[in-house]
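Residues or ranges marked as compositional bias 'Gly residues' in TrEMBL: 442-452. Summarising the annotation, TrEMBL assigns domain '4Fe-4S ferredoxin-type' to 182-213, 233-261. Per TrEMBL, the feature region 'Disordered' maps to 39-69, 332-358, 438-494. What TrEMBL records for 1-22 is signal peptide.
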Amino acid sequence: MMLLRHLSAGTCSLAAAAAAAATEVVGLTVQQGLAFVPHPSRPPLSPRGKRYQFSSSTTRPLRCGSSAPSDRAEEWREAVLPFLPPDHCRTASPAESLGRGEWFKLICGASFEDLPAIRDLSLVYTLAGADCIDVAAEEAVIEAARDGVIAALGVAEAIGKPMRMPWLMMSVNDDEEDPHFRKAAFDPNLCPADCPRPCETVCPADAVVFPDSAPPPAHRAAMVGELLRASAGGGVLGPRCYGCGRCINVCPPGIIRAEKYKRSPGVVRELLEKVDGVEIHTKGNLASFRELWEECVAAAASRPQFRVVAVSFPDLGDDTGLAVATMGAVMDSGPRRERRGGGGEGSEATSARKRGTEFEVAGEQKMGGRALNVWQTDGRPMSGDIGTGATAACIRLAEKVLDTRALPFGEGQHFVQLAGGTNDRTAHRLREMGLIGHDYDGGGGGGGGGGDGDGDGDSSDCRSQNRSQDHHHRQQQPPPPWQESRRRVGGVAYGGYARKTVGRALDRLPGKGAGRVEDHPEVLSAALREASLLVRGLKQPR
């Protein structure tokens with residue numbers, strides 16, 4: 001509440017507000033294992049100069065005017081508290097979630113560019129406990145997602161339940177043939193007069209519209225109106241189309257085409273400065289993968305503040321294991337960041353121990369200080385909203401990749417994560433099969449767990465001992481999650497299903513600029529209820 005109070009007092013400078021609240025935060029940091037620490041190594045996120053960056057593993061302050069006044073706190077408390085995740089999920093770093101098999105990633109869509117929807121989805125799933133939010137490689141989209149996250153942290157702080165910040169990831173492709181990087185398009189003047197228009201029916205994003213279509217939700221009316229003014233016959237709402245291709249397959253006259261695209265290396269490099277991670281979509285073509293890695297990603301991934309590199313790929317047949325191992329070798333040959341830590345009081349390792357994120361730092365130090373790698377098994381792309389059976393393909397592919405043992409999965413650096421067909425049955429089925437879940441409890445307090453085994457109660461004693469004593473102490477602690485089993489996944493990414501279930505609630509928002517979800521607690525509560533059901537399926541209470 002400290003930061004909100006200083007902001008609501010009329011201070012429009014976030015830096016000043018943060019500085020004014022800093023002394024009040026110290027006690028909270030010590031007691032709860034949270035930190036509100038500036039992250040000086042990251043460049044400004046916006047040329048407008050309205051951001052003050054905080055550590056990505058904890059929280060960032062609100063932008064002036066980015067959230068409703070603090071007098072909404074009671075309404076938010078009633079709307080949000082019943083659906084907040086357990087305490088260990090609110091405060092554990094995303095890296096901890098990977099090691100525990102509880103990593104939840106929201107896929108907004110590599111081609112999905114509906115800015116209000118992205119903002120509200122990011123807000124809702126941040127409150128529900130998401131560890132990562134994956135968005136299109138577009139500056140406005142990244143900013144929309146970040147605004148939603150910041151607003152969510154403001155809501156959580158206002159009700160006395162501060163949360164750590166999810167990682168923000170953007171998706172890129174190594175060639176133009178990836179189905180995630182395309183938009184449907186057609187000339188409505190070519191549509192037969194008696195066409196049943198199955199394209200409109202099958203579109204999961206409600207992106208196909210005609211003049212006589214059912215009225216859209218109020219908050220989407222302006223977008224639809226703009227399209228109909230530009231094309232009297234209707235067409236595709238470009239920002240909402242994410243390239244699933246279902247309309248292409250059912251079009252009776254076959255007039256719908258897919259417009260493919262690939263961002264230029266310069267654009268990708270610039271945008272990588274604004275996110276915590278990247279997801280590379282590939283079909284296993286080593287030459288194109290290496291080119292993207294060397295031209296765009298390697299330098300970004302070597303920076304200390306860059307957290308994760310994900311590789312998304314379909315079933316590559318008998319070559320799956322070889323392809324994964326080879327791509328891993330390509331990334332391993334890139335520039336290494338300077339190893340974190342160093343033992344000094346000012347080192348990031350020491351700061352992490354203070355805020356209870358030893359797992360994150362230990363996991364990165366273990367493999368030479370590089371960003372974590374997530375291997376996303378895209379079983380049946382963009383199909384999670386079709387039905388519960390769609391999840392079978394992504395589970396089969398995850399098992400296949402784990403069984404190849406192409407990389408040391410689950411040992412602190414490389415993690416397998418499902419996508420492509422994930423829905424509300426995925427986590428349940430994974431748990432039945434023993435692919436997620438374990439008995440590790442974090443080794444002592446603070447939500448921190450992990451790598452060094454330093455519980456809150458004896459971390460200072462450990463630091464005062466010599467190296468051999470400290471090593472012996474760590475040997476007595478419960479093993480880190482990544483040592484429990486190599487045949488377990490790190491988590492699940494949810495796309496179409498996650499957007500659809502929450503989107504039904506968000507469709508109740510009013511239009512004409514009055515549609516911020518936090519300004520409508522009853523809609524926020526309904527949306528968070530749906531998101532919470534999905535997240536808690538993966539992050540079960542301890």
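Glycine residues also receive a Cβ, built from the backbone N, Cα and C atoms like all the rest.
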Helix, strand and coil totals (DSSP H, G, I; E, B; other) for the domain '4Fe-4S ferredoxin-type' (182-213): 8 helix, 6 strand, 18 coil
Intrachain neighbours beyond the domain '4Fe-4S ferredoxin-type' (182-213), with Cβ under 8 angstroms and 6 or more residues off its ends: 111-112, 220, 224, 227-228, 231-238, 240-248, 250-253, 255-261, 385, 496, 499-500
Local confidence of the domain '4Fe-4S ferredoxin-type' (182-213) - pLDDT mean: 85
